[in-house]
Amino acid sequence: MRLAVNIDHIATLRNARNEGHPDPVEAAILAEQSGAAGIVCHLREDRRHIKDDDLERLREAIDTKLDLEMAMTSEMQSIALRVKPELVTLVPEKREELTTEGGFAIHTHFKRLTEFIKPLRDHGVEVSIFIEPEDDAIELAAEAGANLVELHTGPYSLATGDKQIAYELERIRTAARIAREAGLAVVAGHGLSVHNIAPFRELHDIEEVSIGHALIARAVLVGLPVAIQELLDHISR
């Protein structure tokens, strides 16, 4: 299982003083050197953490895979077509939220989504959709032309008690299997950390986990290479 590192909160820390450091690009390079298989960043409409210049520099600097999380807007589509990350992950976005709160409502936006994905695919950009681990969302993602789905693991990360944890884990396991059967690659993310990631070693249909906040929070205390190695130790099969 691969680890993709979300560097948004390196930018959050930098923006607290607007003095240019810590640099998200420097962090991305260090993450790659420490074993990350990809770098994730979310260019929000309000630019609350990652800025346009960060994205441009990341595109030039990293050697693995750049995953651009973004809303389904014409502005973001234009940016993605210009920058051409290896992967775009479409996420729902609300200005008032602290972080992405749930999966993309594909059934509500299916026609627009299909039209949005096509030019990205035509220009060599793979497309993932951040969804709840539900059968209908997976089927619609495949029909819309996505290459991948990222399963929302927030409910799992917030689950308490063995019964609820097992229930949420089984939802993810089943969704991952259905997605693979539909021809989609599978990523999982949101709220994952060294404290809850170990069971994912047994979810063989999931190829990659995307982790940001917990990893960066740990890195503040022990350093980014150590924080990444701790996670890699927990997900190695």
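Just so you know, glycine gets a Cβ as well, placed from its N, Cα and C.
In three-state terms derived from DSSP, His42 (active site, proton acceptor) belongs to an extended strand segment. Sequence annotations record features per position, and here Swiss-Prot assigns active site, proton acceptor to His42 (among others) based on sequence analysis.
Per Swiss-Prot, the feature active site, proton acceptor maps to Glu69 (among others); the stated evidence is sequence analysis.
A simple way to gauge crowding: the CB of His190 (active site, proton donor) has 26 other CB atoms within 10 angstroms, across all the protein chains here. The active site, proton donor annotation in Swiss-Prot covers His190 and rests on sequence analysis.
The 3-amino-2-oxopropyl phosphate binding site annotation in Swiss-Prot covers Asn6, Arg17, Gly191, Gly212, His213 and is backed by sequence analysis. Its Cβ placed at the centre, Gly212 (3-amino-2-oxopropyl phosphate binding site) has 23 other Cβ atoms within 10 Å. Secondary structure at Gly212 (3-amino-2-oxopropyl phosphate binding site), as computed by DSSP, is coil.
DSSP gives His49 (1-deoxy-D-xylulose 5-phosphate binding site) a coil state; it is part of no helix or strand. His49 (1-deoxy-D-xylulose 5-phosphate binding site) counts 20 other C-beta atoms within 10 Å of its own C-beta, drawing on all protein chains shown. Positions annotated as 1-deoxy-D-xylulose 5-phosphate binding site by Swiss-Prot: Asp8, His9, Arg44, His49, Thr99.
All protein chains included, Glu150 (site 'Transition state stabilizer') registers 31 other Cβ atoms within 10 Å of its own Cβ. What Swiss-Prot records for Glu150 is site 'Transition state stabilizer', and it gives sequence analysis as the kind of evidence.
Considering only the recorded positions His42, Glu150, His190, His213, the residues lying within 10 A of Asp8 (1-deoxy-D-xylulose 5-phosphate binding site) on a C-alpha to C-alpha basis are His42, His213.
For His213 (3-amino-2-oxopropyl phosphate binding site), the nearest of the recorded positions His9, His42, His190 in terms of C-alpha separation is His9.
Fewest Cβ neighbours within 10 Å among the binding-site residues His9, Arg17, His213: this applies to Arg17.
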